[in-house]
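Q: One structure follows; several queries about it will come next.
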Amino acid sequence: MSATTAHPPTAESTERVRSMLTAAHPGRKRVDRTMTVLVWGAFALAMVPLISLLWTVTSNGIGRISMDFLTLSMRNIFGGDPTGGIYHAIMGTLIITGLATLISVPIGVLTAIYLVEYGRGALARSVTFFVDVMTGIPSIVAGLFAVALFTLILGPAARFGLIGAVALSVLMIPVVVRSCEEMLKLVPNELREAAYALGVPKWLTIVKVVLRTSVAGLTTGVLLAIARVIGETAPLLVAVGVTDSINTNPFEGRMMTLPVFAYRQYSQGLATCPGGESATCIPDIALQNAWGAALVLIVLVLLLNIIGRLVNRWFSPKLR
Amino acid sequence: MAQRIDVKDLNIYYGDFLAVQDITMTIEPKSVTALIGPSGCGKSTFLRTLNRMHEVIPNARVEGTVEMEGVDLYGSDVDPVAVRRNVGMVFQRPNPFPTMSIRDNVLAGVKLNNKRISKADADDMVESSLHGANLWNEVKDRLEKPGSGLSGGQQQRLCIARAIAVKPQVLLMDEPCSALDPISTIAIEDLIGELKSEYTIVIVTHNMQQAARVSDRTAFFNIAGTGKPGKLIEMDETSTIFSSPSEKSTEDYVSGRFG
């Protein structure tokens, strides 16, 4: 069977259809171009401070980075002495943030599971409300809360890593809850029903289907929450204090963290070198230390994000 | 293996809303029972009460009894999880677990329940279930590939393999072919014909030719109007329903005069 045309197109009908199909609204094209420019402009504008920040921190900090800087503490380092390092602050940041993550992730993920899988009625609504309120707590308030809590238990002048971790948890839990809640909601209901229909109890369905399907998203949420608190300064300043020595025990004694270290070094300002600048005395060494610590902090966050991407790739559902 | 189901005076509610009213029917073992009727008449709702899946929806409840060989599925000592282990279900849209391989999807009923199974038993189960679902020859060389990489019809047969792997007494199918092309539909219909020698099968379908082709008995559901409960109008041998039904509305529906 051949497709024959009973009415071949005439010049007139061709012209009519062409005018119908090509009559572009001049206004629409103009709007399209304007919006494209606006969107790209906004993107470029947003990138300016980001690039500038990365460039400033890298160019100012990279000169200070050395093996000594990463592996030594500031113990017995005074004035313009350039031999100190930030090992104590790196350890403090890793330990306190790690502890905060250990506290926040179980609470946050379990709360999210409750809200998505079980929560109904007034209790679920009030949990959501209070999580929202917690999201807006200023970080210094969280620090003061943690200090007040431990002062009630242990008396005044208690300063150790765990207090800081508790303060960070207060900031971290709502972020974990909200992001994990969104991720769990993305798991299609059909998968839950498929598991129920196989005679799988609800808790096993949650553990083995819902959590397993959303684990990549949950990891991203947790990493975002960590990135949110790893640069906190104020709560750690009040809750953990400062120190120049290495302290890896979060249950006793003050600890240093990278943001607090950067703040302290910056506020020290220039050192006085009686003999002028030399190999043992550099006037602006404190500022260089602050930039170096800031760079290390950014690299830590970057590493966390890379790990998150890898976890994402390993665990997300595959098609082929 | 296959069991008989007796439904008596069943009312199904969502909260205060009566969705399906006063169903009494008998589902014969080793046969295919088709549920037909216009959209919203409660066929799927009724189907989901047969394995207590409707309880997943908050506030859903039933009155009346659903007895499998004389045991009320809604008895106080009956565990809904155990009911679902014995009454399998295949859904409208194929829903293989996206994080699992084809093999693991078939074994899902075992693996998700934390049951231990030897490698040899697992291999047997995978092969026999996939044979049972007419999928073995198509996937035997890629059992470790993700199930979501299959075509829609293959995914649906994978879901059937997954459902029969746990050896249920009854298999419920909620419009299993509505998302599939005619070739895949025929594959599934042939499969239903083979499966009925071992299982009691209940299938919801919008396709009356399909009901006529695959089922032994047909139940016609209808609804008086929006907000009114769905009701069972009549149930009989499929040939009777499609040739000389006793109710006028059944005849109108199967002859295409409405719905």
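A Cβ is built for glycine as well, from the same backbone N, Cα and C atoms used for every other residue.
Reproduced below are the annotations present in TrEMBL:
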type	residues	note
TRANSMEM	A:37-57	transmembrane segment
TRANSMEM	A:86-115	transmembrane segment
DOMAIN	A:90-308	domain 'ABC transmembrane type-1'
TRANSMEM	A:127-154	transmembrane segment
TRANSMEM	A:160-177	transmembrane segment
TRANSMEM	A:209-230	transmembrane segment
TRANSMEM	A:290-311	transmembrane segment
Q: Do any residues, 6 or more residues outside the transmembrane segment (A:37-57), come within under 8 Å Cβ-to-Cβ of it, and if so which ones?
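A: Long-range Cβ neighbours of the transmembrane segment (A:37-57): 291, 294-295, 298.
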Q: Which one, A:86-115, A:127-154, A:160-177, A:209-230, has the most C-beta pairs under 8 Å toward the transmembrane segment (A:290-311)?
A: A:209-230
Q: Please work out which recorded stretch in A:86-115, A:127-154, A:209-230 has the most C-beta pairs separated by under 8 angstroms from the transmembrane segment (A:160-177)?
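A: The listed stretch sharing the most Cβ pairs with the transmembrane segment (A:160-177) is A:86-115.
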